[in-house]
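Q: My questions will all concern the structure given below.
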Amino acid sequence: MSDNRPTYDTSSSDEEPSNHFHIQLPQRQLNLQEIRKQNHKKHEKPTIAKQTASNLAKAKKITTGSNHKFGNSINNNNNNANKHLGSSSAGTNRRSLISPTSSTHVSSDDDDDDDDNAAFYGDKLNDNKKLNVFADTKNNLSHFQFNADGIKPKSLHGQGDDSSDDDGNNLDEVEDETHSDFAVLNQNHPPQQYYETDSSDEDEEDDDEVPQTVHKTYSNASSGRSSRLSRKKSMSETTDTRAPIPPTGRRSTNSNHSRESSGRRSTSSGNINSGGGLKGILRKMSLVDSTPVDSTNQDISHSDTFLGRVLNFGTNQGLSGGGLAPGASRVIREEDEGEWNLDEERRVGFAAHENDRDAFEMQPLNYEDLSEEAKQLIQQHVPGAGASNLDHSQQSSAAPSTEITPSQSPNQHLLNEKSNNNENNQQSTTVESSSSTSSPGEDEELARRRASEERKKAENPFYTPNPDLFLRGTNADNQELHQAPNDFLHDMDGDYIAPPKQVQAGVLSSLLRLYQNPQEQKSASSLSRVSTGTSGTALSSFDDSYDSDDYKDSKSSSNVDLQHKLKSGIKGGSKAMFNKAANKLKHHSHTRTNTVETQGSSNSEEFSNDKDEFSNGYDDDNKMNANLPSFQNARPKMPKKKTTEPVQKLKKLRHKQRAERLRITVHIADILQRQRFIMNMCRALMLFGAPTHRLEEYMVMTSRVLEIDGQFIYFPGCMLVSFGDAATRTSEVHLVRCAQGINLSKLADTHKIYKAVIHDLIGVEDASKKLDDLLKSKSRYPPWLCVLFYGLGSLAVTPFAFEGGWLDLPISFGVGLCVGYLQFYVSSISNLYSSVFEVSAAIVVAFIARGIGSIKGGDLFCFSAIAQGSLAIILPGYIILCGSLELQSRNLVAGAVRMFYAVIYSLFLGFGITLGAALYGWIDHNATSANSCASGHAIDEKWRILFVPMFALCLGLINQARWSQVPIMIVIAGIGYIGSFFAGKHFSTVTEFTACIGAFIVGVLGNLYSRIWKGMAVSAMLPAIFVQVPSGIASKSSLISGLNTADQITNKSSSNNGGTVTNDASSLSFGATMVEVSIGISVGLFAAALIIYPFGKKRTGLFAL
């Protein structure tokens, strides 16, 4: 060993490009205090002090070594390495080439390294020469990380036996690295954990040197240290000019000075399985270590393994992109070419050009591309599966099952799956709320579900094909009545139900099935009377499928005996006695059979199974305990023999027949209940004043939901209902007749029940019960309160419609009470009087009004205002509304009947007024004959609008409306009156145009209320139409036009012919006025429908419930 101190000449690395020693970049100062504490904790043995002293002496000699021998040492070292370059394998384990005694040989390079690695830091070393050495040569060696701040101890992967293989030159590296200049290090250099020492390169180099350096002098070790030092300085000089690199493994770190290292180093990175404790470090995060690692004392969070990077994921030392790309290869440098054929791993992050660094870098996952590829694969292998949706416990999605894009929310999927199920259950029925648009995949899935349900119904004997589809051919009519599915207004109402392909079988066909069962004609005795030979043959053939050939004869004979006994039991005994005897015979038969089987041949399958199951062979015990309760025979050893086959057949046949009868009976009861519900629904809608133009549609939708073959046709006052039976080509016709009335609260309740049924929210039984309770329930307001409302309504309508004065209001209130009493008390008592109620009421009103109006010559009260105001509530406003809606929906029969009835009704009222005025004229010859109020008698126009809300409120309460329904009625009625009032100022002589403008405003508001707030437009529009009718009539005062006729009657005109002509003209004048008003209201409602539903939504039926 030389005493000369070496000078650290960096020219050796430039002159020797084949130098194969590696060194790490230091980045931290030595944290001596921490290292001393750790070392003292781990090594508390007496031998440590001796080893420390010897190693400190060795370190002193190293630092005072000679300088002139470095050149020769380097040359010798290099020559030795080059000689054995080809002979030594890169993958050879270093320990297999080292002598067992080499760890104590001073002149060996490996001995020096091992001894130096077993040493501690001395207390008297200089600051630039402090060493970090661990002292257990047979145990695991510590590993250090260098950076600008300090050095942290790092435990190696390998332990125990691999201690001699890990970093044999650790002492030399530590000594040289402590003399490095840290000022030249780049601040952007990758952190310390990516420059941890990987012993794969040193080990492979040492493997080549082992045959020459095992017995070398220490000068070779010193020359190795100097060469590594020169290489390290050259690396530090090139650090400033190097671009920042991503954090990678040890292989990437050495690539910057790859042109100064040996060509063999390019092969060392490919040999992952070579020896060394640190070969488990992942290179560029994606290389996997294949050598077993003992990580007992390893700090995973600070290691360079995959787990360490995962634990440090949040820092700049964690996982990053890059790594060895799939399909990449490592190519050894061709020295003849003079340039590097860099492998892909090295080219990713350390290429010379910026554009080449990402050639094989792993990119983030593109989920859209993955989704498309998955769809293509699924469609290629499983056609049609790409459009299906998976059913999840909360699923619901508009996306197909192959969609894997993370942006697709499972909740939305779940919300969309639920909407699909609703559409499936309701057969394209939409709920009140807006529904999302379904994708083509959902449509296909929905179509498949419908097809499966239709197939199940087709196989069910209680379903028959819908005659509307194959027999009557009403598809075209359905398309005419209902809008096409692709219309954007299709889902607004939610009442449309597609006609089902299968409907419930009719009652008659079910009865025929019930009473024409051919098996019913056979008695029990005829089924049990079979010959012995036949039964024996049948039973023996049955036994052949279960019994073996060894004991088939004995079993068949016993079965024949059992059959004889059963037959006698069937003939002679009762059913209870027969069952008891059959069970007893069955028990004895099984006992005898088991005894024979136990004593019989042991090669049979039954005996072997019995022996294997119980594995004791207690034959005698089985015989003795045959009559005792035991669980050994609870499990049958073979299928039970049908020893009582005739009886079993008889029982099964009876059970099957009974079950079939029960099914048919339940089916008939269900059909009758559904038909009864449909008729009750029809009766309720007619009684409570549903819009008559939609009654047929309500019934059709209800029958479709209930799967009943029903046909309906409506005439005013009656509904023809036909329930068909396609199997027998018969139909059952019902006629539902009832007096049509108005009850807005019960109409709303009926509408709710109807909605619940068509959306399958409640069953038919519950709906029938609720409907029956609703039909039996009393009215919301008692009759005496309705009479009061009549009086208030008459009081309110007099000022704004007929120009009544303040003094006319109490008179109108009193006369209105009389009209209310006649309607709610007298008319309800006698059906005969209800037929002449309008005429009688008009007579009473005209008589009282003319008598009061004649006071003081007609200057105090206005006869026309009192008479018309008192009769305004019974004017045919609702009849005109229903008639115009029916004409608009092309229901010509009902519409024409109602409109003509409104005209006739008006003629009745006119005739009553004429008769009442004539009666008072006979009494008082000085009775007033004024057809209108005097000027200045009416209330100021600015106060008239205040009575409109009061009139609308009274109309609503008279028609049994809820208080919650009143506000919208008042709003629509008030706005409609304002429009008709100002229209009447300009078109005073044109009654039709005035009524048309008012009805148009009312229709627009009613349709908006129905479309936006999902309310009942008919109930909201009814008071407003009642306001429009009196206003139109009052414009010509045609209601009291019969007053002239009354005067002629009382004055007894001599011109009979002329009087007759005058009488005819006066009688028809009020009817003509009602026709004009009806036409104006109908045209206004048509125009409103055109504005709100510009594409003509026919299926909605204007002003839908």
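Quick reminder: no glycine exception, Cβ is built from N, Cα and C everywhere.
Got these off Swiss-Prot a minute ago, pasting:
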type	residues	note
COMPBIAS	1-11	compositional bias 'Polar residues'
REGION	1-22	region 'Disordered'
REGION	36-55	region 'Disordered'
REGION	65-123	region 'Disordered'
COMPBIAS	67-82	compositional bias 'Low complexity'
COMPBIAS	85-106	compositional bias 'Polar residues'
REGION	151-278	region 'Disordered'
COMPBIAS	162-178	compositional bias 'Acidic residues'
COMPBIAS	185-197	compositional bias 'Polar residues'
COMPBIAS	198-210	compositional bias 'Acidic residues'
REGION	385-473	region 'Disordered'
COMPBIAS	390-413	compositional bias 'Polar residues'
COMPBIAS	417-439	compositional bias 'Low complexity'
COMPBIAS	446-459	compositional bias 'Basic and acidic residues'
COMPBIAS	520-539	compositional bias 'Polar residues'
REGION	520-656	region 'Disordered'
COMPBIAS	592-606	compositional bias 'Polar residues'
COMPBIAS	624-633	compositional bias 'Polar residues'
TRANSMEM	782-802	transmembrane segment
TRANSMEM	809-829	transmembrane segment
TRANSMEM	835-855	transmembrane segment
TRANSMEM	860-880	transmembrane segment
TRANSMEM	903-923	transmembrane segment
TRANSMEM	938-958	transmembrane segment
TRANSMEM	963-983	transmembrane segment
TRANSMEM	986-1006	transmembrane segment
TRANSMEM	1015-1035	transmembrane segment
TRANSMEM	1075-1095	transmembrane segment
Q: Check the transmembrane segment (938-958) against each of 782-802, 809-829, 835-855, 1015-1035, 1075-1095 and return whichever range has the most CB pairs under 8 Å.
A: 782-802
Q: Counting only residues 6+ away from its ends, which parts of the chain sit with a Cβ under 8 Å from the transmembrane segment (809-829)?
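A: Non-local partners: 783-784, 786-795, 797-799, 837, 840-841, 844-845, 848-849, 852, 861, 865-866, 869-871, 873-874.
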Q: Which stretch from 782-802, 835-855, 860-880 shares the most C-beta pairs under 8 Å with the transmembrane segment (903-923)?
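A: The stretch with the most contacts is 835-855.
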Q: Sort out the residues at least 6 away from either end of the transmembrane segment (835-855), same chain, that have Cβ-Cβ distances under 8 Å to it, and list them.
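A: Distant contacts of the transmembrane segment (835-855): 811, 815, 818-819, 822-823, 826-827, 861-864, 866-867, 870-871, 874, 905, 908-917, 919-921, 924, 926-928, 930, 1040.
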Q: Spell out yes or no: are there three or more C-beta pairs under 8 angstroms between the transmembrane segment (860-880) and the transmembrane segment (986-1006), with each pair 6 or more apart in sequence?
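A: Contact between the transmembrane segment (986-1006) and the transmembrane segment (860-880): absent, because fewer than 3 Cβ pairs are under 8 Å.
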Q: Which residues, given as numbers and ranges, are at least 6 beyond the ends of the transmembrane segment (986-1006) yet have a Cβ under 8 Å from it?
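A: Hits for the transmembrane segment (986-1006): 971-973, 975-977, 979-980, 1017-1018, 1020-1021, 1024-1025, 1027-1029, 1031-1032, 1035-1036, 1073, 1076-1077, 1079-1085, 1087-1089, 1091-1092, 1103.
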Q: What residues in the same chain, six or more past the boundaries of the transmembrane segment (782-802), come closer than 8 Å to it by Cβ-Cβ distance?
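A: Distal contacts: 808-810, 812-817, 819-821, 823-825, 828, 864-866, 868-870, 872-873, 933, 938-939, 943-945, 947-948, 950-951, 954-955, 957-958, 977, 1027, 1030-1031, 1034.
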